[in-house]
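Pulled from Swiss-Prot:
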TOPO_DOM  1-52  topological domain 'Cytoplasmic'
TRANSMEM  53-74  transmembrane segment
TOPO_DOM  75-82  topological domain 'Extracellular'
TRANSMEM  83-106  transmembrane segment
TOPO_DOM  107-124  topological domain 'Cytoplasmic'
TRANSMEM  125-147  transmembrane segment
TOPO_DOM  148-157  topological domain 'Extracellular'
TRANSMEM  158-182  transmembrane segment
TRANSMEM  191-217  transmembrane segment
TOPO_DOM  218-255  topological domain 'Extracellular'
TRANSMEM  256-281  transmembrane segment
TOPO_DOM  282-303  topological domain 'Cytoplasmic'
TRANSMEM  304-326  transmembrane segment
TOPO_DOM  327-336  topological domain 'Extracellular'
TRANSMEM  337-362  transmembrane segment
TOPO_DOM  363-380  topological domain 'Cytoplasmic'
TRANSMEM  381-405  transmembrane segment
TOPO_DOM  406-417  topological domain 'Extracellular'
TRANSMEM  418-438  transmembrane segment
TOPO_DOM  439-518  topological domain 'Cytoplasmic'
REGION    484-505  region 'Disordered'
TRANSMEM  519-537  transmembrane segment
TOPO_DOM  538-555  topological domain 'Extracellular'
TRANSMEM  556-579  transmembrane segment
TOPO_DOM  580-586  topological domain 'Cytoplasmic'
Amino acid sequence: MVEHGGTDSMWLNKYNPAAASSASSSSSSDAENKLFSRLKVSLTKKYPQKNAELLSAQYGTNLLLLGVSVMLALAAQSGPVKEEHLLSFITVLMLVQLVWMLCYMIRRERERSPVPERDAHAGASWIRGGLTMLALLSLIMDAFRIGYFVGYHSCISAALGVYPIVHALHTISQVHFLWFHIKDVIKKYETFERFGVIHAVFTNLLLWCNGVMSETEHFMHNHRRRLIEMGYANLSTVDVQPHCNCTTSVCSMFSTSLYYLYPFNIEYHIFVSAMLFVMWKNIGRTLDRHSNRKRRSTGSTGLLLGPLGGLVALASSVSVLVVYLIHLEKTEEMHEAAVSMFYYYGVAMMACMCVGSGTGLLVYRMENRPMDTGSNPARTLDTELLLASSLGSWLMSWCSVVASVAEAGQKSPSFSWTSLTYSLLLVLEKCIQNLFIVESLYRRHSEEEEDAAAPQVFSVAVPPYDGILNHGYEAHDKHREAEPAAGSHALSRKQPDAPLPAGQRLDVTPGRKRQILKNICMFLFMCNISLWILPAFGCRPQYDNPLENETFGTSVWTTVLNVAIPLNLFYRMHSVASLFEVFRKV
């Protein structure tokens with residue numbers, strides 16, 4: 001009966017077109033429903049992390065390239081793109097970031113879930129405190145911009161008045177976000193939050209680029225004016241003042257003060273973008289409970305030589321800056337003497353910093369402590385930024401070396417060989433300092449503080465035993481050693497079981513090692529501040545060195561410097577932050 005009924009049904013469908021059409025439409029409808037449900041499931045599933053990272057990274061990169069394209073068009077000065085167009089574009093980006101930060105903070109407040117996971121290594125409190133100080137200086141700069149707009153409001157675009165207001169609001173909101181949310185490890189709405197965080201990263205990068213471009217334009221304008229006054233070149237300057245009278249008496253003070261605050265605003269935005277990038281990398285990350293612990297800061301006893309040497313370096317830098325800026329406007333002989341003074345000072349500084357970093361590396365060679373290879377996005381980013389920002393100075397240095405060697409047989413300034421020595425030492429100094437900082441960041445710290453006055457001997461064995469010993473038994477042995485042993489003395493587990501040969505043994509007390517490293521960190525810390533101050537406030541003798549201008553041409557050499565000097569400024573300030581972190585944890 002079943003077979004007969006099935007045959008009849010097939011016969012009816014075959015010879016009845018209406019029935020066949022109904023069955024066909026029913027099957028196609030079922031197929032569409034299955035396809036729709038499958039597509040719905042695939043869209044509602046969690047988007048793959050790598051795909052979300054790639055999409056958001058491409059969005060941010062293209063956003064940055066769009067902004068840089070507008071800046072390059074603005075650099076032509078005679079083109080259709082004006083400053084108000086660039087500022088309007090950046091203002092829109094800041095408003096979008098403000099909306100995202102507001103939505104994120106409101107959602108965090110409304111959620112009744114437990115406190116989100118937080119990365120203990122992201123955004124140390126002292127870094128956020130330093131950024132707060134830089135933000136205050138940025139707010140002062142915004143106030144000067146608003147005052148400048150009020151004075152010239154009759155002949156300049158309204159975008160120049162809206163921009164500082166939005167920037168001030170953006171700065172205040174962003175500092176609040178950094179203090180209360182930068183450590184969050186986001187686990188909900190990951191794809192949406194990736195785009196929000198990466199938008200904030202590249203918005204700050206664009207603000208950094210805008211600050212660098214404005215500061216460079218101001219420096220180049222003064223540089224051309226000085227060359228014209230000294231008769232070095234037949235150049236023409238571009239009038240950068242508005243074509244109307246200022247309605248207040250402090251417009252010139254506002255415009256002049258802006259460029260003394262630009263270095264702080266530039267460093268603020270580049271550091272914020274780095275911290276937000278770490279937050280972006282932490283989205284969806286599973287934290288390691290063992291490594292995600294905040295280590296205590298160590299003591300600072302025995303600090304004398306490092307701070308003293310750093311203060312001498314800082315005082316020397318300020319003196320060189322003042323003398324250089326004064327003599328630069330005088331006669332050609334005094335101008336050449338000022339440039340020579342800078343290079344002599346630079347050679348002495350580079351040599352001292354090479355010795356300091358090399359001594360720190362030698363101290364590390366005296367201990368048998370393994371490297372920390374755990375996952376830490378903040379530390380990885382620190383290392384990558386150190387190496388990437390070194391490229392600017394290295395390019396500038398090797399160009400100077402090529403120019404000095406190429407002009408060796410011809411008439412050259414008196415400081416040509418000093419410039420060659422300075423360039424080579426600059427390359428060496430950054431190589432050694434990078435090694436010292438990176439090894440310090442990756443060196444594993446002991447969980448217990450060592451007593452500097454304890455009569456212990458720090459023994460070094462070659463080759464190291466790390467990787468041979470089973471660390472799983474160390475905790476058990478430590479527990480047994482803590483128990484008092486009757487009639488016997490327990491040996492410290494920090495000493496090897498067998499005595500070392502005399503040629504492979506080096507005795508250094510832990511307290512002495514800590515003092516040496518802390519003094520080195522403090523000395524390098526203040527030296528990097530000194531080397532940041534000079535170019536940040538106008539001491540840039542590379543522009544006044546005729547060797548590179550004759551070898552590469554003025555346009556090529558100026559382009560190299562306009563790229564290399566901002567990277568060098570960031571390198572010095574980033575080294576300051578890294579060295580202070582090493583100083584606290586060593």
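Heads up, residue numbers simply count up from 1 along the chain you see.
Glycine is no exception: its Cβ is also placed from the backbone N, Cα and C atoms.
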With the transmembrane segment (158-182) as the reference, which stretch in 83-106, 125-147, 256-281, 304-326 has the largest tally of C-beta pairs below 8 Å?
83-106
Top stretch among 256-281, 337-362, 556-579 for CB pairs under 8 A with the transmembrane segment (381-405)?
556-579
Beyond the flanks of the transmembrane segment (256-281) by at least 6 residues, Cβ under 8 Å:
56, 119, 122-123, 127, 130-131, 134-135, 137-138, 140-141, 144-145, 148, 171, 174, 178, 182, 184, 186, 194, 197-198, 200-202, 204-205, 207-208, 211-212, 214-215, 218, 377-378, 381, 385, 536-537, 566, 569-570, 573-574, 577
Positions whose Cβ lies under 8 angstroms from the transmembrane segment (191-217), at least six residues beyond its ends:
47, 52-53, 55-57, 59-61, 63-64, 67-68, 71, 74-75, 86, 90, 93-94, 96-97, 100-101, 103-104, 167, 174, 240, 259, 262-263, 265-266, 269-270, 272-273, 276-277, 279-280, 283, 562, 566
Counting a contact as 3 or more Cβ pairs under 8 Å, with residues at least 6 apart in sequence, do the transmembrane segment (556-579) and the transmembrane segment (418-438) touch?
yes
Summarise the model confidence on the topological domain 'Extracellular' (218-255) as a single mean pLDDT, whole number.
73
